[in-house]
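A.B. asks: So that we are looking at the same thing, I have put the structure below in structure tokens.
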């Protein structure tokens, strides 16, 4: 709730008030003690307040000499400390990250006979309150400023607005702004920054338009805030106008502004413009590199993100936490375990703080690469965790076939008094679905509303449909959809259709496809699933008709694609691939692989192959699926016994699942496959999904 603040009779900020004290010249630490001794010996240190102030200012300018500056102030010999001396030490405490010490010094100053707080003191104290989010103390400082008549100073007012914004009382900040009759760029920047800090992106844009309407001049600080807001709301039009203004006024040398524009274009999906600005920068710091890498990751252009990260390393720019989060996210999408593991080792080597965001990205990365033990280790190493951290590990366990452990982790989360989110319950229900825990799933679905007041979304209903359907309760899943309080989406009907494919339920499968088509969805996978259902029960004519309908509608089958990482390089394979430079050797390895697993009992499942070819061609076709090509490549390139890891864009087909189980046994390899829905850990002829996927 907004807090009313005293604004009565606020004067217009003085146009030309005294400027903040300039930064002191930095004294050489080696000579500072000698200078101190000379001033004591001459008697000037106690006789001349100006000399003492200069010495204190020189010592306080260096964080390493802050204890020395405190000793000067506390122990003497010195003249009675003046207001500028108090201000020097308060600023030093603030810059050194000790706002509470600055606040204590202010309280002490109020009782000092030799000094009285001025506008610089008040501005500094308000900044300390901002750092500490000390709203009540900030209100008290405001009352003091009003009593002393210091509210005419624009730096006091802007610091006060900043304090309220940092304490998330934006309404109070706006009341202050509106109470001033004439605002300059400092005040406008203060309120715009207040909105920006609290995520009021539209208000930032509206305030900027207000500046333009009244013809008020703006500066680089204004533009950085506006461009940042444009990126968050996708306002590429205004962002492009700012970019044109920057170019016209020759502001392209401003690294902060150019980085903000890169980030804005990237968030608006205009990566080409972002990259051109990035390439045109004369010098790039870690923030600029991170903005561009993050842009690629958010646009799902993860290979480009990792390629740019490699360029960043060659340029000798050290990454920071923000860079690492984006790189780990890209590695998670691609399943690039080697690169992500290097990032983790870098974090350890450089002793980067494992913040909640970075730690959660690390947990998510390992989970999405199928390395649950490493994900647990990363989770346990985090000093602080939030609900998103717990959720990342719960979902990771769910998709890796460790449903019981996921539910145990959820129980630990509740015991730790961490409030679950709607995403947490998606992970919990996925765990139940992938591990056939029907009753547990029903209980958690009810608990979500009854115990936590979380209204189920389409994703939760989809999980329940998937749970019931996988367990063979296809009729119950269908009735569940019919009684849902929301309109079922294509995702929900698709979950039912997938269950029908597993359990060969033609009637409900036809209804599911009919509903999907009625929602104007024309995904090739839906038609192929229905065709496979018909084929599985011998309705070949209907299967052919579905394939023909696909062709008539111009719906092309999404090609199967598998990724495998070797020596930090991600290789991409498509079904029936014909572009790889080592194609001949790969297909020879596939033939050898198929021959060996046939000797172990493999029988190709050709039921899902296109119908217009003979049986031999069908067998060849299934042997050339993308994951088989990637596995063959892994067998060629990896050391004997090394785990083969790959990710696929589609659900693993029945034939590839059976074949990979035997490959893991015949070649004595652990093979980890991530498809669009879950992980499959193949070892010694078995799969972690227990053939339940």
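From the backbone N, Cα and C atoms, a Cβ is placed for every residue, glycine too.
Since the structure is predicted, the reported quantities are computational estimates derived from the model, not experimental observations.
Okay, so TrEMBL annotates it like this:
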REGION    1-25  region 'Disordered'
COMPBIAS  1-17  compositional bias 'Low complexity'
REPEAT    82-112  repeat 'PPR'
REPEAT    184-218  repeat 'PPR'
REPEAT    285-319  repeat 'PPR'
REPEAT    386-420  repeat 'PPR'
DOMAIN    601-693  domain 'DYW'
A.B. asks: On the DSSP side of things, how many residues of the repeat 'PPR' (184-218) fall into helix, strand and coil, could you say?
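C.D. replies: Residue counts in helix, strand and coil order: 27 helix, 0 strand, 8 coil.
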A.B. asks: For the repeat 'PPR' (82-112), what are the same-chain contacts with Cβ under 8 Å, counting residues 6+ beyond its ends?
C.D. replies: 21, 24, 49, 52-53, 56-57, 60-61, 63, 66, 69-70, 73, 118, 120-121, 124-125, 127-129, 131-132, 134, 137, 141
A.B. asks: Mean pLDDT for the repeat 'PPR' (82-112), rounded to an integer?
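C.D. replies: It averages 94.
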A.B. asks: So how many of the residues in the domain 'DYW' (601-693) end up helix, strand or coil by DSSP?
C.D. replies: 34 helix, 16 strand, 43 coil
